[in-house]
């Protein structure tokens with residue numbers, strides 16, 4: 001509630017009313033007397049004369065509008081209207097309308113100095129907006145026009161200020177089910193690969209592709225014509241950044257397109273012949289593109305929706321088979337697409353698009369790996385943590401090494417025997433007594449090849465024993481000379497020959513170091529090299545792999561472990 005100063009000097013004569021007395025003119029809150037009860041009408045065809053117990057509802061006449069001084073300016077009259085509306089919004093008692101018009105206008109009208117200062121401030125604010133505002137020409141006039149409340153009234157609905165009984169528009173009441181906060185519903189369903197790509201484009205803020213047909217707004221139709229057509233309105237419209245365009249033939253300014261939110265930083269003009277060459281050349285390029293054969297254009301065009309759907313189905317099947325996309329390569333997906341659609345997908349553009357699809361699929365929630373995925377083979381159980389060691393440049397663990405060694409041994413069981421990766425560590429620490437029961441069911445001297453993985457601290461190496469030739473060969477991808485390992489294996493073979501009564505194998509063992517093998521160039525691929533040594537020795541294949549083949553060989557090892565079978 002607004003506080004004023006009670007007194008004769010400010011408010012004029014006191015309003016008439018019984019029992020209305022004010023003490024000394026001090027600053028206090030307004031205390032209005034109770035309004036007198038209106039007299040009821042009777043007679044004139046309105047029914048019987050009401051008595052003491054009869055109440056007839058009547059309509060209260062609106063208070064007369066106050067008269068304004070002839071000397072008041074037009075702006076002061078608008079300010080007085082705004083002040084009266086503000087006072088009406090304060091819900092003052094009805095006796096406020098019974099005061100004299102001159103008293104209310106004198107009480108509400110600000111001083112001459114205050115009016116001048118307000119006008120000066122508004123003029124300076126409008127001038128600053130004109131100089132420094134970055135808004136367009138359309139929005140500037142809207143801001144300047146919106147200073148006056150009477151001009152902001154919607155002209156399309158002139159009866160909005162009337163009540164519904166007087167013929168005005170019915171107020172828009174929100175539905176009881178309407179809520180003004182964003183509802184928290186169920187989480188959105190899992191998007192497919194195509195939906196994820198569209199969502200990523202929306203997150204990047206890529207602008208939508210214009211559709212080109214004519215545009216309609218507020219009943220006016222703006223149809224884009226040829227760029228060189230002077231009647232199209234494009235050369236005579238008002239530019240969105242405030243620059244005026246060329247006028248029409250009759251001096252009238254044409255309408256601007258509905259999308260006036262684009263700011264043009266540089267405006268230049270070109271000759272008609274240059275513009276014609278530009279647009280004609282583009283039209284010729286489009287015609288030449290359309291003249292291409294459908295088969296050739298289809299082979300080199302970007303991926304279509306059915307291609308994206310096929311890629312997603314391939315990735316889904318791959319994820320269920322291998323638990324992750326670690327052993328997947330782009331070439332493999334491209335080959336499957338070529339087999340299905342009988343088209344060329346190995347072009348650089350299409351191949352890069354396939355790679356982007358794979359990366360987008362991996363970023364989707366739940367597609368990194370299948371939780372709970374396991375591979376069981378005999379006594380071996382591989383989890384995703386074990387299989388994850390084959391990704392990138394991770395170090396292989398004992399579980400992967402031992403299961404792959406068993407796969408090698410089971411591929412040629414009569415020829416090869418593979419020792420567990422913990423065998424050498426137990427032999428080195430506890431001697432023959434610690435490992436003498438490891439081969440109680442196997443006569444190793446009936447085999448052709450013995451494979452013994454060696455794990456020293458953080459490095460993998462391999463010892464291969466040719467039983468017939470009685471040779472012990474040490475394979476190391478870092479080409480280190482470790483003489484202790486062959487000696488420990490030679491002592492074990494002698495002790496095993498004595499225990500198994502194979503005295504012909506007690507003597508004649510020789511040790512070698514294999515130096516002309518593929519060498520690793522990092523600190524993480526030693527385990528993958530050892531597995532390839534085992535496979536190629538067991539299958540009697542030459543060492544044709546190098547360091548550059550390790551990413552592909554890691555993916556191949558992953559698949560062989562999941563299928564529990566070597567790729568021969």
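Backbone N, Cα and C define each Cβ position, glycine as well.
Here the structure is a predicted model, which means the values were calculated and not measured.
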Among 175, 301, which is annotated phosphoserine in Swiss-Prot? 175
Region 'Disordered' according to Swiss-Prot, located in which of 155-174, 195-214: 155-174
Swiss-Prot feature motif 'Nuclear localization signal', matched against 140-146, 147-153, 182-188, maps to 147-153
Feature phosphoserine, as given in Swiss-Prot - residue among 73, 111, 349: 73
Looking at 119-122, 123-126, 127-130, 131-134, which one is motif 'Nuclear localization signal' according to Swiss-Prot? 119-122
Selected residue, Swiss-Prot feature phosphoserine, from candidates 71, 232, 544: 71
Across the region 'Protease' (380-537) the predicted model averages a pLDDT of 94
Write down the Cα-Cα distance for residue 459 (active site) and residue 476 (active site), rounded and given in Å. 9
I need the CA-to-CA distance for residue 459 (active site) versus residue 526 (active site, nucleophile), whole Å please. 7
Long-range Cβ list for residue 526 (active site, nucleophile), cut-off under 8 Å, min separation 6+ in sequence, same chain only, gives 459, 460, 461, 477, 478, 520
Within 10 Å of each Cβ, count the other Cβ atoms, then let me know which of the active-site residues 459, 476 comes out lowest. 459
